[in-house]
Amino acid sequence: MRRLPKKDIVIVGLGWAGSIVARQLAETGLDILCLERGPWRDTARDFNISTVTDELRFDKRQALMVQPAQAGITVRNTVSETALPMRQWGSFHPGNGVGGAGLHWAGITWRFTPEIFRQRSHLVERYGESAIPAELTVQDWGLTYDELEPHYDAFDKLAGVSGRAGNLKGEIREGGNPFEGPRQNDYPLPPMVQTHGPKLFAKAAAELGYHPFPSPSALPSEPYTNSLGLKMGPCTYCGFCTNYGCANYSKASALICVVPWLLLQPNIEIRVNSEVVRIEKDGTGRRATGVVYLDGAGEELFQPADLVAVCGFQLENVRLMLLSGVGQPYDPATGTGVTGRNYAYQTPNSVTGFFENVAFNPFIGSGAAGGALDDLNNDNFDHAGLGFFGGGSTRVIPIGGAPISQRHVPSGTPRWGAKWKEETTRWYQATMSVGCEASSFSTPGNYLSLDPTYKDRIGRPLLRMTFDWPENDRRMSQHVVSKCTDIVRAMGAKHWEPAPIKGAWNTSPYQSSHVVGGFVMGADPSTSATNKYLQSWDVPNLFVVGAQAFPQNPGYNPTGTVCALAGWAGAAIRDLYLKSPGPLAPT
Amino acid sequence: MTHAFSPISVAAGFAALILSVPTASAQQTYERFGFAQTERGRYIAILGDCAACHTAPGGAPLAGGLRFETPVGAIISSNITPDRENGIGKMTLKEFDAAMREGIGQGGKRLYPAMPYPAFSNMTDEDIADLYAWIMAQQPAPAQINSNELKFPFDIRTGMIAWNMINFKPDAFKPDPAQSAEWNRGGYIVEGPGHCGACHSGKTITMGDKSSEHLTGAIIENWVAPNITGDAEAGLGAWEEQDIIAYLKTGANRFDIASGGMMDVIRHSSRMWTDGDLKAVAVYLKSQPGRSGKPLAAALPETDMRMQAGARIYKDRCSACHFDNGEGYPGLFPSLAGAGSVNAEEPTSVLHVVLAGSRAVATPAAPTGPAMPSLGWALSDNDIANVVTYVRNAFGNTAAPVSTEQVATARAALQP
C-alpha cells in the first residue's frame, strides 16, 4: 500500500460536520486534508434550475444518496432475526458527495432544549428514578445547553436561519417558541412567509391553547451574506427541498455556506471520490496513525496524520469505528461495550386532514416554511401517569406539490384507474397534514453491529441495524397523534386519517433520515464512546462528529444540533487539544 | 479557462525570445538589483498581470506553457523565468526593454502582439528596469516551451513588421498637466502596464487598436469585453468610483461579478493593486468619453410577440435568481438592469452565459464564486432569442432584439 506524505489533520467526510470542523481548524494554519467518499458537487452544474426539480431522478431514483451497492446496511427488528440487506433506501436517506446528506435535507433547524442534554437527570429529578422504564437506556449527554449555545448561534449565522426567537436571553417573546432555551441572539433572518395551511394550523392551535410559531428554517427568507462572507439567495418556495439540491443558492448546505470559503484556504486540501475504509492505529491501539482510503482509481492509500476527525453520516461513522476496532463493540446479551450502543431513530407521526372548499396551493412550499408548536414535545407537558416519556415537535410544513409523490387520497381509494384520478384531482388542493416528529428513546436491544454475512464490494462487513419501536415510544405516538387529530379537527377538516406508528419498524416507507446514536457522547466511559468533546475515550487523537453522538433522540430534526456539535468539537480541537494533545476529559 | 486575447493576439509573447540566438553574454544575477528595486518590480508584474498568461495550471510560476487555441492555430505562452536555456536568463535589460516596448525579441525576431507591447510602450524606463530586476530575481524554471503552432502565414514573424507599421507607434504615456496626478496615474496604469485596451478596445481589420473605439468594448473569444469608458449608457456611467474599485479589488460589486477573462485579471492582478491605484484607475476610466453619436435602440414595446414570449420564459427560468425586476442580489446574482453585457450592441456575452453558463470569480473578499447554469440544452434557439430579447428590453434596458439565427451562430461557436 502506498504511503502518502503526512498531514497534520485528516477530516473524513465533507458534509455539514466535516466542513464546519475544517472551518474551525482553518486558522490554525495546520495542513488539513478533507476526504470525501462521493463526488464533487456544484450548484450550477448539478442543480441546474432546469433539471433540479426532476422528481424521478432525485426523489424516486435517489440521485444524491449513496448507493446501497457502495455502502449499504442490513436490518432486522430483533436479535432473534437474521438481518437482510436494504437494496434500496426507504426509511432513511444517507447522502454522498460534497455537502453530504445536508445537500438534500429539508432545512428545519432546531436547537435542542436545555433539559434534553441532561435527559436522565431531568427525568429522575422530576419523576424519580423508579419512574424510568427499564427498557430505556436513557442518559445524559455530558455537556450542557449553555456550553453549546455559542455554536448554535454560530450555525444560525453560517446557515442564514430564519425564524423568531421565543426566548431571548431569558425573556419569553410573543410569537416565538416559548419552550426553547435562552438564545443570546435572535435569528439572523425573519421567519419565512406562512402559506394558508400553516396559517390555519396556527389559528387552530392557538384556539386550543397551544403556542404556535414559525418553523425555524435554513432556507433564507431574505437575501443573506453569511458569517464567512458567502452569499445566499432568498427561498422561492419552489417546493423541491427534501431529496433535492437547491438551484438558487437558497437552502443552506456545506456546499454554499462553507466549502467555497474552504477552497480559498491555502492550508486546506479536498480530495473527492476518496472512501476511507478504516482508521489505522499504532501498536498501543491508543493512537490513530492515519486513515486508509480508496481513491477514485480504486487504489488503496495510507494517509498518515496526527489527528483524525471522522465526520461522516451517522451510519458510516459507527461502521468505521466498528471496522477500525475503536471502542469495545456493544453486546446486547451483556449490555457491555459502547460501539454500536444506544442506536435510536425518530418516531414519525402524522394526521392527514381532508378539507372542503379550500385551495391550499401545495405547489407553493419548502422543506421548512410552515408553522410549529412545541407544547407536545420533550417534558413540556406533565408525563406523570401517562406511561411514557418524550413527545415531538408538531408542525404543518407543506413541502411542495411534486407531481409523482404529492397525491393524497383517502384510504380505500383505488390505487389506479378513473376513481383514483378523480380522487387525486379532488384532494390535491384540499389536503393538509399535521406532523409530529417525535422522540426515540434508546433501549438495550436497539443497536448497531457488523453483519456476519453480508459484505461490501471490497469485502468489508456491512453495518447491521437491529431496531424496533420501544413500548415507551408506541404509547407516546398514540398520545401525540390524538392531540394532532384535535388540531386537524379544529382546522376544519371534514375527514382525517391519523397515522401513529403501528407494528414493527418497517424499512420501506420514508420516515426520516434522523438516525442517531451508536457512538455516543457522555461523561461515563462505560456507557459512552466519546467524551463531551466528541473525542474517543480510547483513541484521544480521534474525534467522531455527527448524530452518532446523540445518546437518544428528542423530538426534533437533528441537523442544527449536529452542526452545533461540529462547531463545539472543532473549537475543542483548536483551543484545547492542539495546545495540549491528550485526553480532554477525565476517564 | 478563458484568456482575454484578440484573435491575432494569440501570439506567443516571449516565445520569440527563447527561440532567438542569444546575444553577447550578459551576466545577470539578481544580487545587483537590491530589495527596493525588485519589490517595485514585483508590483509592476502584478499591474501587468504577467502571471495570468505566463503560468500554466499547476505549472511553475512564469514558466509559460499556457495554451491558447485560436482560429489561426494554437499558441503557447513562453517561459519568462530567468532560466538561461529555456527562459529569458540571457537577456540584457536592453533586450528586455526592446521586447517589452518595441515587440522586438532577441536577434531582431518580431513578437506577436498577444504580448501587448503596444500598451507596454507607454511604460517608463524605470518601471521596465524594475520589472526586469524582479523577473531576474525569480527562481529559474527549466520548462521547455514549444513555440506556436500558428498556421501560414501567421507563423511568419516578419509579418509583424508590416503590422507594426500600420498599428504600432512606440510612444511613452504623456501625462496631461491639466489633469490631477491621480488621473495621470490611472491613465498610466490603464494605457501602460495594465494594458486594458488589449481586450476592451475595438480592433481594426488588422486587429490593431481602433483609436475611435478606445476602451469602448470588443468581442473576445465569444465574450464581450465591455465598454469601460464613462459613457452613461454603454459604459460605466452608472458605476460610481467605489463600484469600479470594489469590482477590481474583490471581483464583485453591487451590479456585477467578474467572469470570463476578467476572472484572471482580478485573481492575479487587480485584487492586489494598492487602494490608491484602484482609485486612480476608477477616476481615469470614468473620465473617458464614450462612443458618442451612436443612437440607442428604443426598447421594444411589451406588446411585441418576442417580449411576450420572452417574459414568460424569464419568469420560469430566470426570475428565481435575477428576480422579477431583473436586479438580482449583489455578489450572487448579477443585476440585468443596466448591465453592460446585456445592453452591449453585440449580444455575445449574454448569449454565452445563457447557452453555456458562466462561473464568477471567488476572491477572499468575495468568496462565493457563484455560477450561472447552462440553459442551452433546455431552451431552443427561438426560446433563447425571445428571452434574451426580453432581457435586453426590460428593466429599463434598451438594446437591439436578438434573432434565432444569432443564437444558432453563437451556439455553434461555443461547441467544443
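Even glycines carry a Cβ here, placed using N, Cα and C.
Residues annotated as signal peptide in TrEMBL: B:1-26.
Feature annotation from TrEMBL assigns domain 'Cytochrome c' to B:36-139 (among others). Helix, strand and coil counts under DSSP for the domain 'Cytochrome c' (B:36-139) come to 47 helix, 12 strand, 45 coil.
What TrEMBL records for B:C50, B:C53, B:H54 is heme c 1 binding site.
Annotation source TrEMBL lists domain 'Cytochrome c' at B:181-289 (among others).
Taken from TrEMBL, the feature heme c 2 binding site applies to B:C196, B:C199, B:H200. DSSP assigns B:C199 (heme c 2 binding site) to a helix.
In terms of DSSP helix, strand and coil, the domain 'Cytochrome c' (B:305-395) has 41 helix, 9 strand, 41 coil. Among the features that TrEMBL reports, domain 'Cytochrome c' is placed at B:305-395 (among others).
Taken from TrEMBL, the feature heme c 3 binding site covers B:C318, B:C321, B:H322. Sequence-distant neighbours of B:C321 (heme c 3 binding site) (same chain, 6+ residues apart, CB-CB distance under 8 A): B:G328, B:Y329, B:L332, B:F333.
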With CB distance below 8 Å as the criterion, list the binding-site residues among B:C50, B:C53, B:C196, B:H200, B:C321, B:H322 that sit near chain A. B:C321
Please report the Cα separation of B:C196 (heme c 2 binding site) and B:C53 (heme c 1 binding site) in Å, rounded to an integer. 14
B:H200 (heme c 2 binding site) to B:C53 (heme c 1 binding site), Cα to Cα, whole Å, comes out at 17
Cα-Cα separation of B:C50 (heme c 1 binding site) and B:C199 (heme c 2 binding site), in Å? 15
Mind giving me a neighbour count for B:H54 (heme c 1 binding site)? Other Cβ atoms within 10 Å of its Cβ, every protein chain shown. 25
From binding-site residues B:C53, B:H54, B:C318, B:H322, the one whose Cα lies nearest B:C199 (heme c 2 binding site): B:C53
Provide, as an integer number of angstrom, the distance between the C-alpha atoms of B:C318 (heme c 3 binding site) and B:H54 (heme c 1 binding site). 38
I'm checking region-level scores; what's the whole-number mean pLDDT for the domain 'Cytochrome c' (B:181-289)? 90
Residue counts for the domain 'Cytochrome c' (B:181-289) under DSSP, helix then strand then coil, are 51 helix, 11 strand, 47 coil
Considering the binding-site residues B:C53, B:C196, B:C199, which residue's Cβ sits among the greatest number of other Cβ atoms within 10 Å? B:C199
What are the sequence-distant neighbours of B:H322 (heme c 3 binding site), meaning same chain, six or more residues apart, C-beta distance under 8 angstroms? B:G328, B:F333, B:P334, B:S335, B:L336
